[in-house]
Amino acid sequence: MNNPFKDMDCYEILQVNHDSDLQEIKANYRKLALQYHPDRNPGIEDYNEIFSQINAAYNILSNDDKRKWHEKDYLRNQYSVQIEDVLQHLQTIEKIPFESTSAFVERLRQDEKIAGSTDDLPTLGDTTWLWTYAKPIYQKWLRFSTKKSFEWEALYNEEEESDAATRRLMKRQNQRQIQYCIQRYNELVRDLIGKACDLDPRRKNVVKLSDGERYNSLQEASRKQSERDRRQYQETFKNQSIASWTIIDQEETSSDDESLSKEIVNSNPIMCMVCNKNFRSQNQLENHENSKKHKKNLRKMNQEIKKHAKEAQKNAESNKQPEDAPSESPYSNKVSSSDFYTRSFEEIEKTFTFVEISDNEFYTASEDGFLNEDDKLDQD
């Protein structure tokens, strides 16, 4: 009997896919082991070789580390772009047309989809696109971060080493190599995108606008946006149901009633004149009057009232005139100097108040308007 699994891969021997889980691998292994076990097929020497291949395939695929090492070539070959490809394209990008660079970026984009990236990386488009639309594409690509695992870049097969310390050292070296390859790949892709952006022919087709043209363009864009907002508002207003407006009116009415009632209550506050405080109800005022602070302010106010009353009585007694003092000055009505020169003598005379006094009183009067005896002699 010829060996049906000759020159086959582990996945082909166990008849599973590369994304099959351990349960599916075990199920297929048991089925094939029962079918090709030598004890079930005595006298057939080829079954020993077939069964050995089945066991070897199962041992590899059931162990994660062995499976990764076995899949190195498969993982690498499922991607169309490797580090050396990006480096080569970057070195020749100035000599090739833009269409070739755009096609190469599309290969990068497809590789990320295969790697399971959820980022929607855009294409570079063609030369007919406006730079206004192409510029955001480059901005997104310049933040590129690959989802490729680069596990095929591992240097050592850890499972082949029996010494634990050596195996740990191999694992650290493999992790460093994988991390370096990921970082190197990201940097090369970003450099490639940056170079492609600089060489993009669509940059040269940008029309430079003057300040006036730019202002007019912004004004036109603002006008169109306002028009779209206005139409959207009208459409929304048109689709409003009458019931919704009724509910709004009821809510506004109840809100107005509550505000009005609050204004009425607040328009007549209950006030404590001692503490200069407002209260909402009579109960609050009564509780306040029983407080220590109110009683303290009340005692203080009573003391001030008594103090002011005593001072007022004292001032009244000190300002009391003697009984023989004249009630008013003989010249109670004063005449200003300006009136003296502008009014007639008769008018000025009418403003005087004449008081009958004796000659003795006239000559002995004080200096507030009366002549003394020397002045009288001078007049004579």
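Even glycines carry a Cβ here, placed using N, Cα and C.
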### Summary
Candidates Ser62, Ser244, Ser267, Ser344; Swiss-Prot annotation phosphoserine sits on Ser344
#### Entry: Annotated motif 'AIM' segment (source Swiss-Prot; candidates 8-11, 352-355)
352-355
### Task
If Swiss-Prot is the reference, give me the range from 276-306, 307-337 marked as region 'Disordered'.
307-337
## Note on the structure
Spatial neighbours of the zinc finger (270-294) not adjacent in sequence (6+ beyond its ends, CB under 8 Å) are 301
